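Read the structure below first, then the notes.
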């Protein structure tokens, strides 16, 4: 398993190699990243995935505690992860679908504890959403402890994995609480396919708008394209072209130079289980896992890190492996750390298979039973040690025979005193080796033996002879008194002089000890152990097997003979009592041949307190609608005297989708369960209700579990602990230099309320539509001397998060522990969903009545819908009223009622179920009145005929007068004084644009328009020679009024007259039936404002920035917009709301004039309501429009200049820093926008021409195009209106006639024709200074092409019959 750390030089080296070969190894523009990416702590590290197509290794995303908005992060290039994907504790991440929309294959070449996909403790994750994930080649999945994760029961993992038996999916949000809805099921038009899982045949999807992809059965095990065409057999996951192994998303076997192949071609080698590389590539890969290695090797046509078992490199410079003769030699050792310390079986395991140890061998094994066999398995092959061998304090060793193949100690490095073999203080060592079958040589250096009471001196002398060291040792090197002699005595007492304690360390010093001959004082040994009671002795815990409960530390003599010796004991447990004593190690003899030494008395000392660990096994259950019972177990490590607990709780917002969906379909109502566990708590104030089975059976009891079930649960619990330990050990990297932050101190700074017996003062309105976005405060309470509490005064049937913190006696200084938490829901309150107060009714026209009723004040969670039962004789009719409809109208309308007496009752439905029916309300529907006698008809008929004739005469007169006035008019448009009026002439009549409803298919939501939701879909036969066309489908809300529906269709009717490449096309209308649909050309890149903002360079992008548009691209956008507006102008239409938000960007980046009004709800803040009028786009309006409500083509040109400013600033808000009222005054007083930073002069001069205060001084759209036509792309000539046959130059007689129509305005027009082509002085900044008309010093000519046209041609803006496009809905202009 690879390390979990993300940074490090090996990763950098891998990255350099992969980057250099990426273009030749993968057909896309992305890179191969590896050998693993670890993203932790900072969400901005996700930028490392920017260009990754394949991650050759693992991907970790974990430990990001600060909730962030991940919607701006999207990595569509990533398609394959060759090892595994791990997500752990990433706050704020709600779905993986936007993050990795095209992740298709997880190969599982190496696994994380047998899993290829691990999602663990992701508290905010709502769905997985990897809708393009098709294959997990090896390994299982583990999805655990994700409290808000849904859409797990709707995924058929058998379509992704070969076997699902090892999958582990537990501890997530219960499926009954999720209300998982696959696309189309709510509208009863399901879009997903069905499969059977656990005998349930159901739809399969990833999210509410993403189905799970299934290939046709004819493909078998082959992948398929998005259009369900079978891929080549060598493709895995998906492909772009059927039966083509060069367009696979991933390869089933191996990838080589853009082609998926079943085996690597000759001269290439398998690498990382998925691709083929050549020899040069393999030779240049650094071996990240072994500093001693010479790089990767080639064996059995595979490029790998090391030779397999039984093989060895044939030379140090070769990349190839050869079979070993006998055991394979293996050199071990570290150039930096030359001494290999063996203090446990784990450390010995690092020498498994080693035959030559380059360096020194230090054996220090103090405890362990039957450890010799383990050491022989791991160290038995060692033959040569190049340095020294030192064996000390190894009380578990009886013999050194586990080094059964050791034959040579070179002694190239020696201990002080020239020792190459050093044996000190091994209490149970009895034998070195069997010298009858051993040949060991110590080539250089001496031997030293001391304090081995069970090792005979004769054994030592035998080793002298065999190893050839006899004569090298002095008399003191092999002491006959302390080897082989168990007796020892200490005549002097050492006294401790000082002790200093921390939570995990102790410093002790003792007085200077001076034996008669100071040279015989070798060192000190400190013994210490945990001692809960002060009753330990020196010999506790020692036995013949070498077990010793005392820990020992060697202490060298202080360099200063006068200094006091001391030791720092570290790695201790907080708030733990330790017993400590010290021995002096000497060689001094007394007359009776006993060792003379010194020893201290046993000292008892306690470490300081520390922050406790978290409480364990937190459980919660509800015993009433306002109480939650919470129980937990004490922490494993109190690290002090446990004093109290802090209990904190927070109300959780409802799921957002509950506010959006219409739950009038009974089978779609989400189910919630309260915390119904059983906890033995003395404070329970309400007797829980016992479920009765009926009859004499008495209360229902759970069946006892069988022994097999208990054993299975036990094994599963053990396996779960092993996995969690493995997870934490793999991903948590120690950072000793980092200071720990106090959890409770941080938490307490954000608390909004605190009380020992807290009452939740909940004043939030449950019906607030924004409630699901509310962050509720935490409340807290202190619990003393017990591990349980009851939280009271809670809301009924509401979900709460409960955090428990442990606190010991030092909590005021150190803080409390981190929290362990649980989610629990209170019980529903009886009667909470009942509708209070009376139900009233109001008569309405056309045999209708309107019922009104109050909403439940404190319902069980959330009211989802209301049901009305009504009838004249019996209540046999039902009407469902959604939550959204009730909030909009405050009641419901019953239509098409027959005359007579009626009764009605109403019932509310919440998350917990149904409330009670209201008392019946009685109402009467009168019959329609009829003429009482025939005379009324005789009298009324002539009157009606006269009225009709009079009306026709008035209409003819008005029409004639309007036509005459239009001939004399100036082409201006005035805002209506009664914009809410509409006549019968506005009613929409179906025509040749009508499309059959069955030809339309909706796929996904694109956004909210002025009248309703806009969807992406497919239409059949709406475009000539195209069987199917991707389209945008505009809808009108179900609750829309008749006027709104007519406006919706009339707005579409306006678009019927347009046929221009740079104006979004109308493709059809579906007006028959409900809902009404308008079919538009699909603009895949959205509105221009959003597109421009997506091009903004982000801060700290690590050299991976999106490139803002160049000058040529800006000019191209401007020309395309101007061409669309010129077309509207030629057809005598005035737009009135030209802005970047109302321009759309096509797939090929062409900018077009949008379908007017689609973006009103999205950019509501761009509009301003002046007085009691409708919404006005004041920041884009010309001075004359703001003053007089006048809208002409000239005012559209002003707005066009603002659009140019938006393009140059990447859609900043115009007049930033000014309120709407200030903008109103500023523009009317002559103020202009600043020149944007880094704006080209050419573009800004064009803006200034559009912002002439005198409307007649502004250029026309045709003149604007003429000034920049040379900068446009060649394709512009082929598609534009400017170069089309429709754009014919006007006849001279027509120009003269139009000039004669406006004599009253000629005094404000300069007589010099060149004035029309000159720029104005630079406008003032936001200081309020006005921009004067006319040329000034330093003016520049914008384009000579202005002069090529007839002088004053751009002044001819007042044209006969000029019409205006309607502003978006709710505007009165």
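In case you wondered, yes, glycine gets a Cβ from its N, Cα and C as well.
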Annotated range (Swiss-Prot: motif 'IRS1- and SHC1-binding') out of 970-973, 974-977, 978-981, 982-985: 978-981
Where Swiss-Prot places N-linked glycosylation site when the choices are 914, 964: 914
Listed range which Swiss-Prot flags as transmembrane segment, given the options 889-912, 937-960, 1009-1032: 937-960
Under 8 Å by Cβ from residue 150 (disulfide bond), counting only residues of that chain that are 6 or more apart: 126, 127, 172, 173, 175, 178, 179, 180
Candidates 230, 231, 239, 321, 324, 328 (disulfide-bonded residues) with Cα within 10 Å of residue 248 (disulfide bond): 231, 239
Separation of alpha carbons, residue 239 (disulfide bond) and residue 230 (disulfide bond) (Å): 9
For residue 235 (disulfide bond), nearby residues of its own chain (Cβ under 8 Å, 6 or more apart in sequence): 222, 223, 245, 247, 248, 249, 250, 251, 252, 260
DSSP three-state assignment for residue 328 (disulfide bond): coil
Using Cα positions only, nearest of the disulfide-bonded residues to residue 328 (disulfide bond) (205, 231, 456): 456
Assigned conformation of residue 219 (disulfide bond) - DSSP reduced to three states: helix
Integer Å distance between the CA atoms belonging to residue 182 (disulfide bond) and residue 332 (disulfide bond): 58
Secondary structure of residue 354 (disulfide bond) (DSSP, helix/strand/coil): coil
Per DSSP, three-state class assigned to residue 178 (disulfide bond): helix
Rounded Cα-Cα span from residue 282 (disulfide bond) to residue 33 (disulfide bond), Å: 16
Where residue 321 (disulfide bond) falls in three-state DSSP terms: strand
Residue 303 (disulfide bond) and residue 219 (disulfide bond), Cα-Cα, nearest whole angstrom: 33
When distances run from the Cα of residue 321 (disulfide bond) to each of the disulfide-bonded residues 52, 231, 456, the nearest one: 52
